[in-house]
Each structure stands twice: as structure tokens, then as C-alpha cells.
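A short write-up of the structure that comes next.
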Amino acid sequence: MLESVLPAKLFVFLLILVRVGAAAMVMPGIGDSYVTRRARVIFAFFMALILAPLLADKLPGRPGEPIALALVLIGEVFIGLLLGGVARMIVGALMIAGMIMAFMSTLSNALVNDPTAQQQGSIVGAFLSTMGVLLIFATDTHHMMLRAMVDSYAVFPAGRAPPMQDIAQFVARTAADAFKLGFQLAMPFLVVGTIFYIGVGLINRLMPQVQIFFVAIPLQVGKGIVLLLVTLPAIMQWFLQSFTESYRPLLNL
């Protein structure tokens with residue numbers, strides 16, 4: 001029934017376009033709010049155009065019924081969202097770290113529009129997430145995302161039902177790793193902030209007449225800025241390493 005309206009080569013292109021397009025909708029950088037929908041569609045179109053000759057042998061035959069075609073396309077959308085969502089969760093670790101850093105530096109009320117999260121967030125979190133996305137592309141780490149798109153056809157063959165149990169475990173583990181990474185990146189701020197609060201409490205007990213609040217706030221802000229400048233290179237290097245490691249289960253190594 002579909003043979004007359006959907007040629008085989010067009011079906012191959014459509015199948016790749018659906019998976020790549022779904023990934024591009026949520027992928028950091030490409031799927032952010034400051035990138036227009038037209039640009040995402042153009043990216044997905046040309047990626048599918050490039051990959052179609054390379055992956056034609058790995059794709060299933062054209063289904064004969066519209067319902068079967070719809071099920072195949074739904075599965076491709078799901079896999080595409082998974083590929084882009086992995087990167088989005090790891091970038092979210094920078095937002096978590098930024099919120100903790102802002103809280104320990106009394107900057108938690110300084111909210112700005114975070115383009116990577118498409119919502120308001122702490123100024124430190126917005127800075128870290130924007131820099132993280134910039135470094136992903138500046139260091140060619142985004143090649144991991146592109147390679148995962150190609151290798152995903154070996155890990156998750158098109159036309160087959162996705163292994164939901166394995167995917168659920170992988171998503172849960174990735175989300176837990178993202179939260180863990182966020183706390184680890186902010187650990188210097190937690191340690192230094194705790195020591196600072198203990199010192200402020202001791203000074204307040206020893207010299208009650210000192211207006212410790214007005215003295216501590218500028219010191220706390222300055223301490224947070226200096227600590228961020230000192231730890232920023234290590235934070236970004238650790239983030240890029242974790243970003244790369246998060247995609248390894250999706251690669252056909």
C-alpha cells in the first residue's frame with residue numbers, strides 16, 4: 001500500500017531525519033532557545049542527507065502498512081530524544097553546581113534568563129552552562145553527539161522495539177550521575193563556605209557588638225568570585241570529561 005507513495009530511498013531519508021531531528025530538538029547548543037527552529041530543521045535535513053548513503057544498509061525494509069510505519073517512526077523519535085537528552089542532563093549538572101555556588105556566595109537571588117535551560121536561573125548557573133555549551137563546540141566534543149547518532153543504529157537498530165528496561169536504567173543512571181557531578185563540581189564552595197560560616201559564627205560569639213552581617217556579606221561575595229576564578233578551569237575540564245564518558249554506552253566501540 002505504501003510502495004506507491006513512499007519510495008525506498010525516501011523512506012531511508014525519512015527514517016534518519018526523524019531520529020536526527022528529534023535529537024536536535026533537545027541537544028545542547030542546537031536545541032537551545034536562541035537557535036531558531038528553521039536552523040534546527042536545516043541541521044537535521046543535511047545530517048540526514050549525509051547519513052542516508054552511509055546507513056542505508058543498516059535500515060529495515062519499508063513497512064507495508066501505515067500503522068507499522070507510524071510505530072517505526074515513534075520508535076525513532078524516542079531514540080532521538082534519548083540521544084539529545086543525555087547531553088542535556090549532563091549540561092544540567094552545571095546548573096546544579098551553579099545554584100549551589102550561588103547559594104554559598106549569597107548570589108542565589110541574582111536571577112537571569114538562562115538560554116540553555118530556557119528559564120530563569122542563578123547567574124552563576126547560567127554562566128557555567130553557557131560556557132559549558134561553548135566549550136563543547138570549541139573543543140570538538142560535540143563530535144561525540146554526532147558519532148552517537150551514527151552508532152545508535154548499531155546499538156538501537158531501526159525498526160525494532162527499543163529495549164525499554166535497559167534504556168530506563170541508563171536514563172536513571174545518567175540522571176543520578178548528573179546530580180552527583182553537580183555536587184562534586186560545587187564541592188570547593190561547600191567546603192570553603194562551611195569553614196567561612198563557622199568562622200563568622202565564632203566571631204559573632206566572641207564579639208557580639210560587631211555587625212557581622214554587614215561585614216560577612218561583602219567577604220562572602222568576594223570569596224565566591226575568587227574561588228570561581230581559581231576553580232573554573234578544573235570545573236570545565238571535569239565537565240567535558242564527564243560529558244564524553246556519558247556517551248560511551250551509546251557508541252559502538
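Positions of Cβ are set from backbone N, Cα and C atoms, glycine also.
All annotation found in TrEMBL is predicted automatically rather than curated by experts.
Because the structure is a prediction, the values reported are computed rather than measured.
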Transmembrane segment per TrEMBL sits at which of 121-139, 140-158?
121-139
Could you tell me whether the transmembrane segment (39-56) and the transmembrane segment (212-240) are in contact, taking contact to mean 3+ Cβ pairs under 8 Å with a sequence separation of 6 or more?
no
